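Participant: Below are the features listed in Swiss-Prot for this protein:
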- Ala67, Gln68, Ser69, Gly70, Thr71, Gly72, Lys73, Thr74: ATP binding site (BINDING)
- 54-223: domain 'Helicase ATP-binding' (DOMAIN)
- 234-395: domain 'Helicase C-terminal' (DOMAIN)
- 23-51: motif 'Q motif' (MOTIF)
- 171-174: motif 'DEAD box' (MOTIF)
Amino acid sequence: MSTDQMTQLDESQIETNYDKVVYEFDDMNLNEKLLRGVFGYGFNKPSAIQQRAIMPIIEGNDVLAQAQSGTGKTGTFSIAALQRIDPAIKAPQALMLAPTRELALQIQKVVMALGFHMDIKVHACIGGTSFVEDAEGLRDAQIVVGTPGRVFDNIQRRKFKVDNIKMFILDEADEMLSTGFKEQIYQIFTMLPPTTQVVLLSATMPRDVLEVTAKFMQNPVRILVKKDELTLEGIKQFYVNVEEEQFKYDCLTDLYDSISVTQAVIFCNTRRKVEELTQRLTADNFTVSSIYSDLPQQERDTIMKEFRSGSSRILISTDLLARGIDVQQVSLVINYDLPTNKENYIHRIGRGGRFGRKGVAINFIVNEDVQALRELEQFYSTQIEELPSDIGTLFT
């Protein structure tokens, strides 16, 4: 079947040119030790993307999968990579790239958990560690998870031998290609063996992603979630028009008095706004953490650890966090500022409803944002309703 001949699967709003669907992990012919790891991790039944994407990746096809955070995509490529590598070969065989250090570490954690019973090593090739540590880890790790800059540096320094690489996986490709990594990613492609299988995962399909597909992928299997399904199911979306910027803070504190949730993430567009909001909330006796890209790495790690453990109730962030960090307890996301980039909206609100967990997203807007809100609705074919007065019922 040609890549242009798409079969639409109505039951889950997925379009694909690959007609095999495997509904159970037991039917995927997975390595017995890997299967133990899959069930041990808590995966009982494959998600829609896993039912359709794991097998073509295992079969060695180039695969282009469009799926947002929370669909099980990390499990998809992790399971497939673990099935494809040879544990007896103590050298890198699969390279996974992610746009941020945090997401790379999250992926490493998932791969290690799934491969717990296998004799494999997973190395995180990321900033904030020494090149000596990298050289040591890269020597005998079968799977390398990293950020583009650090991976490229290590290949250039000849510390990362890519001769045995047979899989190149790009997660959140739209984000990586739009944030200055494009040149490095292209150069990494040219350094890998020409037979390398390419797996590309992206929430959206902008021109940059399609260019990579055309240049570096051979007749890819395409598994595309229809765009109007990309607004995460199970997320209730609302807006509050506070009219002017100065009224956002009072609205936030009023809201928080009215609802009882375990934890919340609040997104702002700038570091300065994050710092100001953190100071005001702290002064008003709210337990708050904040994170942004300029923070020292050790501090960022500590803050994320505290938030995951539940010792901090509110996390205020820039879009650094808007991609793929799995914080299980979050049921509320507040966009203190509407994102400047439409694509980031889905990653922000996805924080509250991963894998079918329910969540609420509340967008604060001023009068000038009304048009931008309507454009978001149009972009995602969704409805963002005015927040009702009885908001406490949203969390019951």
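Numbering starts at 1 and runs along the chain as it is shown here.
The backbone N, Cα and C atoms fix where each Cβ goes, glycine too.
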Participant: Is it possible to get the count of other C-beta atoms within 10 angstroms of the C-beta of Thr74 (ATP binding site)?
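Facilitator: Within a 10 Å radius of the Cβ of Thr74 (ATP binding site) lie 24 other Cβ atoms.
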Participant: Taking DSSP three-state, what's Thr74 (ATP binding site) in: helix, strand or coil?
Facilitator: helix
Participant: If you draw a 10 Å sphere around the Cβ of Lys73 (ATP binding site), how many other Cβ atoms fall inside it, taking every protein chain shown into account?
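Facilitator: Neighbour count, Cβ to Cβ under the 10 Å cut-off: 23.
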Participant: Per DSSP, Ala67 (ATP binding site) is which: helix, strand or coil?
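Facilitator: The three-state answer is coil.
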